[in-house]
Amino acid sequence: MSIKYVATSKLPTPWGVFAMHGFEDTETSKEHVALTFGTLSSDAPVLGRIHSECLTGDALFSLRCDCGFQLQTAMQNIAETGSGFILYLRQEGRGIGLLNKIRAYELQDKGANTVEANEQLGFPADMRKYDMIQPMLEQIGVKHVRLMTNNPRKVKAMKEIGIEVVERVPLQVGKNRYNEAYLKTKSTELGHMMSEYHFTDEE
C-alpha cells in the first residue's frame, strides 16, 4: 500500500473549524481523509478516532447503525477537548462496498444479522484493513493516542504500527429500536466492547 498526502484545507463544522487532510492510496485509488482540530502533540496523548466510511449513517442519518452518532460525538468530543483527530477511511460496509452493503441490508430485512448477511454474500464479517493509518498519523504528527472506539481490532491495529494507545475511550451512542439487534451482534460476534445499556429495551 502506498499512501500519498495530497492537500489540506479548512473544514468549518457545527463544533468548530477542523483541518481536512487528503490522502490517496496510489495502488487502489481510494481517497482517505484525516480531520484534525487544534494543535496536536507528538509527545502527549491525543484524543482520536479511526472511522470507516458509512454513507447511510454518516450522511443519510440511518438509524440501522451507530456510525453517524459515533462520528458526530467524536467530533464534538475533540472540539470540547481542544485538540484531536479523526482518520476517515473509505471502507464502506466494513469493506464490502456500498452496493453489497445494500444487498446485505436486504438480507437483514429478511431476518439475517449483520454478520450472517455478509457471509451469505460470500464475504467475511469484517474486511477492513488499517495499514493506511501509519502514514496518515505520521503526516499529522501523532504517536500517542486516547482512542475513541468500542472495537478491539482498532486498538490492535494502532499497537501493531507502533502507536501507543494510552486509553480506550468508549463511544456508546445512538442506540435505538432499529439498531439494538445490530449492536448486540457487534458485541457477541465481532467482539466490540459495549455495556449492557446497548442490549436492554428503551424505556
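Note that Cβ sites are derived from N, Cα and C of the backbone, with glycine treated the same way.
Annotated GTP binding in Swiss-Prot involves R49, I50, H51, S52, E53, E92, G93, R94, T114, T149, K154 plus, out of the candidates Q70, Q72, Q172, the residue Q70. Listed recorded positions near R94 (GTP binding site): D126 (candidates C65, C67, D126; Cα-Cα distance within 10 Å). Note on T149 (GTP binding site): other Cβ atoms within 10 Å of its Cβ, all shown chains, come to 23. Cα distances from H51 (GTP binding site) to the recorded positions C65, C67, D126, R128 are smallest for C67. Rounded to a whole number, the distance between the Cα atoms of R128 (active site, nucleophile) and C54 (Zn(2+) binding site) is 13 Å.
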